[in-house]
Amino acid sequence: MKYSTLAWLVIASYTVFAQDGTSVTGYTTTIVIPGSPPAGAGTAHGDTENTGTVHTTEHLTGTEETHTTGATPETTTIVAPTTTHENTTTHETSVENTATVHHNTTTLHHNTTTIHPNATGTETHTETGTGTLTGTGTEGPALTTTTVAEAFSLAAGASLGYLVALLFL
């Protein structure tokens, strides 16, 4: 059981490492600042600033040697939002008076009431009939003490078999 768990962990870790095999050498950052940018802060308009240091040494032999140190340069882009203000006002006034006359019509319906008298009465229903019930068949055996004894013996045998099986496990 422990071996199979270890095998699954190894397979899962190889799967994760296979998906994560990317390398990064440089990166670009875009910063969006609301409003106008302050004067003289950082680089503007996507210019690139190299933070490395360059040393130039000239030997007595006349050859020139150049050493460059520093990290991979970072490119920073600052995007300032542009705001446009436009005010447009249009006033149009139009007044038209329209009169509509509606005629009221009233319809009167006559009320009609119908009175039904309550009816009371008694009803008697009698059903009589004659017939014959016929059929053939056999009646099953009744539960006897022999059947109960066989069931008890079967249960005891199953219990004994269960106990013997537990001894060998």
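Every residue, even glycine, has its Cβ placed from backbone N, Cα and C.
Quick look at what Swiss-Prot annotates:
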- 1-18: signal peptide (SIGNAL)
- Asn87: N-linked glycosylation site (CARBOHYD)
- Asn104: N-linked glycosylation site (CARBOHYD)
- Asn111: N-linked glycosylation site (CARBOHYD)
- Asn118: N-linked glycosylation site (CARBOHYD)
- Gly140: GPI-anchor amidated glycine (LIPID)
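It is 22 Å from the Cα atom of Asn104 (N-linked glycosylation site) to that of Asn111 (N-linked glycosylation site). Summarising the environment of Asn118 (N-linked glycosylation site), the number of other Cβ atoms within 10 Å of its Cβ, over all protein chains shown, is 4. If you measure from the Cα atom of Asn111 (N-linked glycosylation site) to that of Asn118 (N-linked glycosylation site), you get 22 Å.
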